[in-house]
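S.K.: Checked TrEMBL, it gives:
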BINDING   B:T48, B:D49, B:D124  Mg(2+) 1 binding site
BINDING   B:H56, B:D263, B:F329  substrate binding site
BINDING   B:G123, B:D124, B:R148, B:S215  ATP binding site
BINDING   B:D216  Mg(2+) 5 binding site
DOMAIN    B:30-140  domain 'PurM-like N-terminal'
DOMAIN    B:152-299  domain 'PurM-like C-terminal'
There are 2 protein chains.
Amino acid sequence: MLSEFSLIDRFFARRASALPHPQGAALGIGDDCALLAPPAGEMLAISTDMLVEGRHFFPDVDPKALGHKALAVNLSDLAAMGAKPQAFTLAFSLPKADADWLSAFSDGLFELAGRQGCELVGGDTTSGPLNLCITVFGSVPPQAALRRDAAQPGDDIWVSGTLGDARASLGVQRGEWTADATDAATFRRAMEWPEPRIALGLALRGIARAALDVSDGLAGDLMHILERSQVNASVDADALPRSDALRRLPADVQRRCTIAGGDDYELCFTAPSTLREAVVAAGQQARVPVTRIGTITAPDPAGAVSTAAPMIVWHDASGAPLTLTLQGFDHFHAE
Amino acid sequence: MLSEFSLIDRFFARRASALPHPQGAALGIGDDCALLAPPAGEMLAISTDMLVEGRHFFPDVDPKALGHKALAVNLSDLAAMGAKPQAFTLAFSLPKADADWLSAFSDGLFELAGRQGCELVGGDTTSGPLNLCITVFGSVPPQAALRRDAAQPGDDIWVSGTLGDARASLGVQRGEWTADATDAATFRRAMEWPEPRIALGLALRGIARAALDVSDGLAGDLMHILERSQVNASVDADALPRSDALRRLPADVQRRCTIAGGDDYELCFTAPSTLREAVVAAGQQARVPVTRIGTITAPDPAGAVSTAAPMIVWHDASGAPLTLTLQGFDHFHAE
């Protein structure tokens, strides 16, 4: 059995120190604290996420994919802020110290970290039920940060990439619906290897107003923008971008997966309608498709500040209203 | 059953926003990321710790004490760096959303956070086996940081407070030894309510050379300073400070608890012998006793850089050498 310290050293500290250090933490792994500062005039954007076996991933998950995803879901929060990745800490508990598992996990983790220039600067390991907690640090000029509270009536609503494939994968694994092997593999890849939209977040600085990443399902997540910005929204459910594989599932499954799926890690953002060309250009620059799905509307017809909960009016491609009872993914609700 | 979001809101976000915000995060809970910056010319000191039920605390732990301790062990890392607390994030998984438990837990957490001026700026909650992961942020001018790699031959070695009470409590609970009710309560309080030595860490800026916090037992932790600084040490085991309660346990138990106990959260630091009065004054200013326990020695008699592992030479009050096989607390070893 490996000791805690040799574990850290073997799989993480050594690999971390072998990477280039583009962001130059003054002090990294091996002291009581890491020392980090944002570039002059910028702030650190900080986000933390915890992944639990059986809740966020299956016990038999490919450990390399898990290493990727654990960091990816955190980087996705930086992307949603328009922040540039700088560093991360990793704390995890493991039932046992399995060298093969740790090696594969760290492969997935460091491949993404290296690609995004994100340096491992600290961590903690302990024995216990499998649990991964990553905290990421990015840099952003405060006035360029893509916040949730900046949406304005008249803004277009956009999403990146496609929605629903991760939820489709879960449904295949649960037997809720079926797909052929190729489509099932497409879905599974979306669930296990989400790609954080860092380049898009950076390209949207100065263009997008409000943004977040879609992690708990579009319906629930978009509500966070509406609540913080005190606005409403009108969304075309038929405009939600989806993969060809998802289009081969029944229409009601497509709707469920795209609207309330969860685990998408795409950006949902608003931008003035005068900047449509700039949004499309940002997507091209970041090599990520962007799709316009709706409009931010005033909080109520009279224009007064409403105290009621915000509202999403869903409609189909013909403009006919839809009544939806789908909820965002909520960790304390059975689905 | 409370939903994830109402949970966060009820117990944490609302309490966080009710606190004064001395450090002024530009953006806290409720967005994809918090935005934080150190004061001009300083850096952020960052540390993360994960606490797991059954490993770091008992299932029947007082939740208020747990809330305190979860933050305290992280603040202790800031203290060991000479950093001033600024903010923290909290991620945790819980088997169920129990309002009484969460209320008591947050009481313990926010009492300490408020006292130390440390603002909750973000978090994540999920269902799962009980696990707490806190990441803390403090500020420190980089040249004033108390690092592990700065010890020099001839430095005195000091520790704050007393050692061993937390380990004594564990032994009482395990039936390894017995204590009367008053002493047992003293031990238990040390284990459950450690006080991070923030004020001492700040007072030691410019005085101490190397420092760390004793969390895994003095023997193991001091080795980290020796390894990073490439030096050896000579330590008087009889000089290790201990409580009156611990002095009433057998001599061999006292030795085991003070040398290899774990969970002490005192500072162990080195300072030039010319600065003894300044160290004592720093302790008085911080209202924490400080005790000189040994000396940093050269890596080998010839003065060449040694490639061998560093060494602690233990002796008793008479100067007679001790042979110790006690190990620091290691999470992947059975004790």
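Even glycines carry a Cβ here, placed using N, Cα and C.
Can you tell me where each of these features sits in this structure?
M.R.: When secondary structure is read from DSSP and collapsed to three states, B:D124 (Mg(2+) 1 binding site) falls in the strand class.
The DSSP secondary structure for B:H56 (substrate binding site) is coil. Listed in sequence order, the residues of the same chain lying 6 or more apart from B:H56 (substrate binding site) and placing their CB within less than 8 Å of its CB: none are present.
Look at B:S215 (ATP binding site): DSSP puts it in coil.
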S.K.: Count the other Cβ atoms sitting within 10 Å of the Cβ of B:D49 (Mg(2+) 1 binding site), across every protein chain shown.
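M.R.: Other Cβ atoms found within 10 Å: 26.
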S.K.: If we take B:T48, B:D49, B:S215 as the binding-site residues, which have a Cβ under 8 Å from chain A?
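M.R.: It is B:T48, B:D49, listed by sequence.
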S.K.: What's the number of neighbouring CB atoms sitting within 10 A of the CB on B:D216 (Mg(2+) 5 binding site)?
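M.R.: I get 22 for this one.
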S.K.: Using the alpha carbons only, what distance in Å do you get between B:T48 (Mg(2+) 1 binding site) and B:D216 (Mg(2+) 5 binding site) once rounded?
M.R.: 15
S.K.: Validating a neighbour-count step here. Other CB atoms within 10 A of the CB of B:D124 (Mg(2+) 1 binding site): how many?
M.R.: 24
S.K.: When neighbour density is defined as the number of other C-beta atoms within 10 angstroms of a residue's C-beta, which of the binding-site residues B:T48, B:S215 has the lowest density?
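M.R.: If we count Cβ atoms within 10 Å for the binding-site residues B:T48, B:S215, the smallest count is at B:S215.
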S.K.: So among B:D49, B:D124, B:D216, B:D263, all listed as binding-site residues, which is physically nearest to B:R148 (ATP binding site)? Use the C-alpha atoms.
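M.R.: In terms of Cα distance, B:R148 (ATP binding site) lies closest to B:D216.
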S.K.: Spatially, which candidate from the binding-site residues B:D49, B:G123, B:D124 is nearest to B:D216 (Mg(2+) 5 binding site), comparing Cα atoms?
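M.R.: Comparing Cα positions, the closest of these binding-site residues turns out to be B:D49.
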